[in-house]
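The block underneath contains the structure these notes are about, expressed in C-alpha cells.
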Amino acid sequence: MSTLGHQYDNSLVSNAFGFLRLPMNFQPYDSDADWVITGVPFDMATSGRAGGRHGPAAIRQVSTNLAWEHNRFPWNFDMRERLNVVDCGDLVYAFGDAREMSEKLQAHAEKLLAAGKRMLSFGGDHFVTLPLLRAHAKHFGKMALVHFDAHTDTYANGCEFDHGTMFYTAPKEGLIDPNHSVQIGIRTEFDKDNGFTVLDACQVNDRSVDDVIAQVKQIVGDMSVYLTFDIDCLDPAFAPGTGTPVIGGLTSDRAIKLVRGLKDLNIVGMDVVEVAPAYDQSEITALAAATLALEMLYIQAAKKGE
C-alpha cells in the first residue's frame, strides 16, 4: 500500500477536491509546491468522543466557503499569488493499525521535508502531531512548540498511542524544547513542573492580544517553531464539533488574531487537529478550523511580500 494514493483509497472519509479547491497532487514530492496539505484521517488515540478521522474531509468541504475571497480581509492580498500550495489528499494506511499510520505519516513528512516542502496537516486526533514532530526534528533539529489547546497533552500514562501524551513524549525524545515552548488556552489540570510556559485560557482572555504575542515571541526566540492548533482551544460555543470540549475557551476572533500575531516566528510546520464533524452544528467547527488553517498560510505568504 502506498503512503498516498487516489481518493478511492480512503473513499469513506475523503473528498474529491482539495482544501480551498487548491490543486490535488498525489505525488507532491517532486512538485514545485512551497506548502503541502496532508489529511490524516485517524482517531484511534482518542480518549473522548471519536470521529476525528472525518476531520480532514469536513475541513476541506467547508473551505469552499473561503475559496472565493482572493484579497482576503484584512490582509489585502491573495495568498495563492505568493505561495504555491497543493493538497496531496489523505494519508493511506490500514485502518485499525495505529503503528502503521504513525510510521507512514513520519515517512511521508520526512520525504516532503527532504524535498524542500513545508507541511500543513489536518487531523485526525492530536496524536498525529507526534510523528510529524519526529519528522520535523530530523530535518530542523530540536524545535520550539506553539500549542493551542484546552489540554496540555503532557500526561504520562504509559500508552503508546494516546492523544493526551504527545508533549510528554516529544521532549523526552529531544524533538522540542519545553523551555522555549508555550501552550495557549489551557483550562484543564496539568503538571506545572514540565518546563512548558502555560498561558491558560483565563490569562489569554483577560490580556491583550499584543501582550500575549509579545510573551510568545520572547519565549520562542529565534528557534524553529512547530505550530499545532487543537480546535478545542476554542470555546464550545465556537467549536462544538470536537471530541473533548471544555467551556471557557477562546473566541474564534481572539484565536485568529493570535495566529496572525505569529507572523514573525520561524514556523517550519503546522497542523489543525481534533475536528469531529459528527458533533458539529452548522459546520461552525469545521469552518473555524478551515479559517485558522487559511490564516496560517497567510502568515507564511505575508513573509514573501516583505
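Here the Cβ of each residue, glycine as well, is placed from N, Cα and C on the backbone.
If you look up Swiss-Prot, you'll see His126, Asp149, His151, Asp153, Asp230, Asp232 marked as Mn(2+) binding site, on the strength of sequence analysis. Taking all protein chains in view, 31 other C-beta atoms sit within 10 angstroms of the C-beta of His126 (Mn(2+) binding site).
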Coarse DSSP state, helix versus strand versus coil, of Asp230 (Mn(2+) binding site): strand
Other CB atoms within 10 A, centred on Asp149 (Mn(2+) binding site): 26
